[in-house]
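These notes concern the structure reproduced below.
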Amino acid sequence: MLIASAISIVLLIFLLRAVDWEEAIRIFRSGISVTSLLWFILVTFGIAVGYAVRWRLLLDGKIGYGTSLMASLLGLGANMFLPARGGDLLRVHYSRVVATVPYADALGRLLIEKMVDLVTIISVGIFSLVLLSHTLNSEYRNVLLVIMFGAIVGIFLSAVLVRYFGERLVPILRPVFGLLRLRDFFDRHITYFIRNCAQSLSLSVTIVPAVLTLVLWLSVYALAYIFVARFVGVALSYQESLFVLFVGGLGLMIPAAPSGVGTFHASVVSAFVLLGRSPSEGLLLATAVHFLFFVVYVVPAALILGHWRLNRLAPR
């Protein structure tokens, strides 16, 4: 946690010194659009609904649509202030307590979800590079394409190894947990988790959530960035929004303070620099995206968490 916070602080200090704040303020003052803000709120609700549908699909319908929406809103909001994507674990816990979904099942499907997210981010990046073939430097673009195609191949091979050789991990890992005096824990929880993950890595389980995730990123997520850009007076085309989404998504994977403070901002600024745009525009957009997503998701998450806790504490 200390290292992650230090990374965020260093990047924020660098951005404060490298970016022309006067230009950023001038851009913001010259182009505020309230209508775009209203559209952004509507689009973010669409994102939450899409996440809820995906979570229910991943859990094979073991959770209702309403409960899945509450769990998704809780997770999205908690991810904005909990470290290490803690909101996702809170979503798993909520699903376990409210819908009695076993932890091993929910954690296994969460792992599948993260794999789908990673493949989607890379796919969106490839698509954006194709659309921006005449805008980006050809050398940068070709290097990024090679890296991203290599990453997809690596993810696919890892999934194949877990799917077909996961069972062989059990006898290898059992002595390790035995040395740590956790053999009973391994036999009761980890063994089932490994087998569950191996069974979940099938086309029938992943294909529909993967398609839904890609549609969400290519539609409502891209629109969310476009509407935020319009709100603060930054012009952003559809293909540029996809590229910023891709680079911003990679930035969120770097260990940092909760919600990617610093790393997300630096990645968005880098995306604007690669696009030949002003770094001030990038920092303005990153700050607005971070703040607006924080407000839109943290408020309902706090209400859901408060209501949930009160119900659990209320006398029966």
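Glycine residues also receive a Cβ, built from the backbone N, Cα and C atoms like all the rest.
Quick caveat, the model's predicted, so the values are computed rather than measured.
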TrEMBL annotation (transmembrane segment) - matching range among 99-117, 118-136: 118-136
Transmembrane segment per TrEMBL - which of 4-27, 28-51: 28-51
Stretch with greatest number of CB pairs under 8 Å, the transmembrane segment (63-82) reference, 28-51, 118-136, 143-165, 207-229, 282-306 candidates: 282-306
Segment-segment contact (the transmembrane segment (28-51); the transmembrane segment (282-306)) at 3 or more Cβ pairs under 8 Å: yes
Region pair the transmembrane segment (207-229) / the transmembrane segment (282-306), three or more CB pairs under 8 Å: yes
